[in-house]
Amino acid sequence: MSNADVEAGGPARPAPAATTGIKPPPGRYNMNGNGNGVGSAPPYVAPSPFYYDNAAAHERHHWPWLMPLVVIANVAVFVAIMFYNNCPRAGGDCVGRGFLRRFSFQPLKENPLLGPSAATLKKYGALDWYKVVHGGQAWRLESCTWLHAGLIHLLANMVSLIFIGVRLEQQFGFLKVGLVYLVSGFGGSVLSVLFIRKGVSVGASGALFGLLGAMLSELITNWTIYTNRFAAMVNLIIIAAINLAIGILPHVDNFAHIGGFATGFLLGFVLLMQPQFGWLEQPFGSKSKSKYKAYQIILLLLALVLLAAGFAVGLVMVFRGENGNDHCSWCHYLTCVPTSSWKCDN
């Protein structure tokens with residue numbers, strides 16, 4: 001997004017000119033509980049930042065500090081996990097053992113993403129259905145979003161976060177974007193644990209997809225203050241569709257992607273709503289035009305209802321131990337479609 005807030009009252013500004021590039025996927029990965037293999041997805045079209053023309057020099061500019069801090073925190077957590085993983089202690093052909101010592105990576109045949117073992121991730125907060133439902137460890141629904149399966153996984157997610165999150169924070173501020181990030185990550189985990197019972201899942205991509213979903217709903221709810229909005233809408237939908245479609249590859253937790261995207265999409269209507277065009281230009285004390293349009297209020301209320309209902313139903317189903325696949329016989333195809341080249345054992 002832009003590096004300035006949209007202030008109604010100036011000329012209608014161009015909608016974001018989307019550009020795409022081939023970048024590593026901000027994937028949420030699913031690892032077998034016994035550590036025998038970690039899947040990865042090939043590079044695909046990642047969501048690129050959107051830029052808005054600066055129509056007024058006096059527009060507010062939020063200094064982005066939260067998203068860079070989140071990046072630093074994710075890197076610190078990864079370093080700490082590698083310290084406790086201590087691959088040489090268990091023996092084996094650890095990658096980089098000679099110079100990384102206890103920070104060396106698990107053997108490539110076990111984790112090709114250059115990271116710790118599945119057992120270590122499970123011990124320190126990965127999303128695990130049994131521990132969440134029967135172990136009283138609901139905190140894993142959020143902690144898993146701060147863990148990564150490997151160095152490649154971490155770099156892919158953090159690059160995407162810098163491109164998307166920093167721009168959003170510049171426009172809307174740390175509080176709104178931080179809420180979208182955290183709640184979307186939680187929403188992705190709820191949907192994931194509802195459908196996936198084998199292995200463990202880690203990654204910040206549920207939160208990242210939430211930011212992408214919020215970008216889409218922000219464009220919809222602030223529709224009247226942009227020009228070229230149809231082209232921007234098509235670009236956003238195509239980017240989202242490609243990212244979600246890649247999630248049908250094995251070992252990619254697409255339920256976390258879908259849950260995060262849906263949560264962020266609804267939160268965008270609630271948190272990223274902007275005053276309608278011309279409202280700020282009215283004389284103080286004699287504003288005849290309402291601050292928000294009727295459709296913006298309707299979308300906000302509808303989003304709040306859907307968010308509350310979605311989380312209530314989802315959490316009740318999770319902690320009752322229900323399997324989402326029992327209520328949706330085809331939903332497993334959303335995260336993995338079997339072909340002649342691979343199976344969907346999970």
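Including glycine, each Cβ sits where the backbone N, Cα and C put it.
Here is what TrEMBL says about this protein:
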REGION    1-34  region 'Disordered'
COMPBIAS  8-21  compositional bias 'Low complexity'
TRANSMEM  65-84  transmembrane segment
DOMAIN    136-273  domain 'Peptidase S54 rhomboid'
TRANSMEM  146-166  transmembrane segment
TRANSMEM  178-196  transmembrane segment
TRANSMEM  202-223  transmembrane segment
TRANSMEM  230-249  transmembrane segment
TRANSMEM  255-273  transmembrane segment
TRANSMEM  294-319  transmembrane segment
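Helix, strand and coil counts from DSSP across the domain 'Peptidase S54 rhomboid' (136-273) read 107 helix, 6 strand, 25 coil. Among the stretches 65-84, 178-196, 202-223, 255-273, 294-319, the one making the largest number of Cβ pairs under 8 Å with the transmembrane segment (230-249) is 202-223. Confidence over the domain 'Peptidase S54 rhomboid' (136-273), given as mean pLDDT on the 0 to 100 scale, stands at 93.
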